[in-house]
Amino acid sequence: MYSLLAFLITLVLFYILYKMQQRKMSLMVRVLTATAMGAILGYFFQGHTDYVVIFGKIYANLLMAFVIPLLLFSIIATIINIGDLKTLGSIGGKTLGFLSLHNILGSVIAIIMGQLMNLGLNAGIDMVSTDELAEVPHFSQVIVSFFPRNIIDNMANNKVIPVVIFAVIIGIIILIYEDKQEIKPFIDFIVAGNKVMNKTIGSIVKFTPYAVLSLLANQVATLDFSFVTSLLILLLAVYICCFFHTFITTSGLITLFGRHNPLIVQRKLFPAWLIGFTTQSSIGSIPANIRCQKELGVPENIASISASVGTTFGMPGCASIWPVLLAIFTVNALNIDFSVNQYFLMVGAALLASIGTVGVPGTGTIQATALFAAMGLPVEMILVLSPIAGMADMARTSTNVHAGASTGFMVAASNHLIDEEQFHQTTAQLDA
């Protein structure tokens, strides 16, 4: 009965969002409104959002269905448009550099915040078995897995890096092919396919407010409020670190490397951040990520590269802030003596752990396990602290998405490729 009532109320709220769209209200306003609606709906219908979440899951499925084809066409098309291998290398190098910087700064913030909040002191945590812990692949396996063996299988399993490498290889071959006229039909197919994919994603993105309402309502409705105090403090630390890195540290990076008003950048990247927050999927947020970057005047080739690479490298939320906070909690809870050198090592280990991350919900466990193994910490503690992983994933993923998006902007700005007229437009065009 309550589930049906929640469903009917959701339809009414959807109608309100639809009327807001008809009145030409911006996507950001509608997404924020949907966020408030979803939180309130979830709070009053605890455990009764089975029907409500259907809309959000359909939205997420549609995004996932078109993300890989979008990447394939977009990366090949953008490499073709670059027309210069030297320029391509410059963009790729800066992208990896800025993503690495995001990761390192995330680790530093987590170490400082973890110590300031005394995470884990007097926690009274019991140890558990390691049987349920995620297995950390060998570094050589990670490197080999980057390169496509069966591109269809890679696409079916949403393995971003192999698809990206496949697309880059095809793009480079086209770039160096001497007789362009001979392969013009294939080039035309790629260009046309890229336009179709972008139009399709653009149509799906229009339904973002409805998906945000649906997914957030379900997230709030399924919360377990019986956390112990120590876990609540850890969860709070995750959100503080993620928000600080996203809105304070990144604003500083934008000012330093982007040479543009960080307030404008943050405002236009907010929809991508919020989609990452609600869907908990870096891959699913790629379309919004690219579109938000384009709103800032970032060329599509740079936006595509930073958004896709950002799902598997750097990832300050999942690969630095989260595992480092867990490590600090463990060190304090078990009274382990850690030296300054070990904290420096932790920062480096967190960066290495980000390599090969697959941008789907729940991957934070892999990074945490890798970091704990590298630092000689008892990996059993990861399971002890796992009750907050679901809620923490919203902050972690949104931080990852925002890092990828801001990286694209900084790369474009440092190469003087920002469309200034587009950057200074005050009205978001994501609805177009």
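The backbone N, Cα and C atoms fix where each Cβ goes, and this holds for glycine too.
Automatic, uncurated: that is what TrEMBL annotation is.
For 5-20 (among others), the entry in TrEMBL reads transmembrane segment.
Within its own chain, the transmembrane segment (27-46) has Cβ neighbours under 8 Å at 2-3, 5-6, 9-10, 13, 16-17, 20-21, 52, 208-210, 212-223, 267, 270-271, 274, 278, 428, 430-431, counting only residues six or more beyond its boundaries. Summarising the annotation, TrEMBL assigns transmembrane segment to 27-46 (among others).
Per TrEMBL, transmembrane segment is recorded for 58-83 (among others). Away from its own ends, the transmembrane segment (58-83) comes close to residues 91, 155, 158, 160, 163-164, 166-168, 170-172, 174-175, 187, 190-191, 193-194, 197-198, 200-201, 204, 207-208, 210-211, 214-215, 279, 281, 283-284, 286-287, 290, 299-301, 304-305, 308 of its chain (Cβ-Cβ under 8 Å, at least six residues beyond either end).
What TrEMBL records for 95-117 (among others) is transmembrane segment.
Annotated transmembrane segment per TrEMBL: 160-177 (among others), in sequence order.
According to TrEMBL, the transmembrane segment annotation covers 227-257 (among others). Sequence-distant contacts of the transmembrane segment (227-257), counting only residues of its own chain at least 6 positions beyond either end whose CB sits under 8 Å from a CB of the stretch, comprise 98, 101-102, 105-106, 109-110, 113-114, 117, 119-120, 122-125, 263, 265-266, 273, 316-317, 321-322, 325-326, 329, 333, 385, 387-388, 391-392, 395-396, 398-399, 402-403, 406, 409-410, 413-414.
Within the same chain, residues 71, 74-75, 78, 91-92, 95-96, 98-100, 102-107, 109-111, 113-115, 119-120, 123, 160-161, 164, 230, 234, 237-238, 241-242, 245, 282-283, 286, 289-290, 293-294, 338, 346-347, 350-351, 353-359, 363-364, 367-368, 370-372, 375, 377-378, 381-382, 385, 392, 395-401, 403-405, 407-408, 411-412, 415, 417 sit at least 6 positions outside the transmembrane segment (302-331) and bring their C-beta atoms closer than 8 Å to a C-beta of that stretch. Sequence annotations record features per position, and here TrEMBL assigns transmembrane segment to 302-331 (among others).
The transmembrane segment annotation in TrEMBL covers 343-360 (among others).
According to TrEMBL, the transmembrane segment annotation covers 366-386 (among others).
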